[in-house]
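Student: The following block contains the structure, expressed as structure tokens.
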Amino acid sequence: MGRFISISFGLLVVFLSLSGTEAAFCCPSGWSAYDQNCYKVFTEEMNWADAEKFCTEQKKGSHLVSLHSREEEKFVVNLISENLEYPATWIGLGNMWKDCRMEWSDRGNVKYKALAEESYCLIMITHEKVWKSMTCNFIAPVVCKF
């Protein structure tokens, strides 16, 4: 009986020590992980509204990419550079409700912006590392995030 308690206690200690560590975050095949989110670059080119709809159809909770820090933006720029030659991709920032207020398509707070100017739909120009306003009917590749 004493040995059983000793083994049980040992397993409990191992479990508790491992539960305090953060497990590796895994994304589905073809998606890349960064800071508890998954990202995927798609080569299909479409307008902003179709791009947002496309992203929502890829995975539950997926939207056009939202960027909340310079570090996250660097990660996405590198991901795009590895997958596309095209220098511009849609991001999920736009004047969603036409009320002169910028908002991420995933409804996240706008904490970080690298805007060249404000307009209705934005693309990220990867080689310049800036965001630029563009007509929402412009055709560009897509980066989705969930």
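Heads up, the Cβ atoms here are built off N, Cα and C, so glycines get one too.
Annotations for this protein, taken from Swiss-Prot, read as follows:
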DISULFID  Cys27-Cys38  disulfide bond
DISULFID  Cys55-Cys144  disulfide bond
DISULFID  Cys121-Cys136  disulfide bond
DOMAIN    34-145  domain 'C-type lectin'
SIGNAL    1-23  signal peptide
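I'd like these features described in context: how deep, what's nearby, how far apart.
Tutor: Cβ neighbours of Cys38 (disulfide bond) (same chain, under 8 Å, six or more residues apart in sequence): Cys27, Pro28, Trp31, Ser32, Lys59, Lys145, Phe146.
Take the CB of Cys144 (disulfide bond) and look out to 10 A: across all protein chains shown you find 24 other CB atoms.
Under the three-state DSSP scheme, Cys121 (disulfide bond) falls in the strand class.
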Student: Work out how many Å separate Cys121 (disulfide bond) and Cys55 (disulfide bond) at their Cα atoms, rounded off.
Tutor: 16
Student: How big is the gap, in Å, between the Cα of Cys136 (disulfide bond) and that of Cys55 (disulfide bond), rounded to a whole number?
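Tutor: Cα-Cα, rounded: 16 Å.
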Student: Out of Cys55, Cys121, Cys136, which of the disulfide-bonded residues is least crowded by other Cβ atoms within 10 Å?
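Tutor: Looking at the disulfide-bonded residues Cys55, Cys121, Cys136, the Cβ with the fewest others within 10 Å is that of Cys136.
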Student: Test of understanding: give the count of other CB atoms lying within 10 angstroms of the CB of Cys27 (disulfide bond).
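Tutor: 15, counting other Cβ atoms within 10 Å of Cys27 (disulfide bond).
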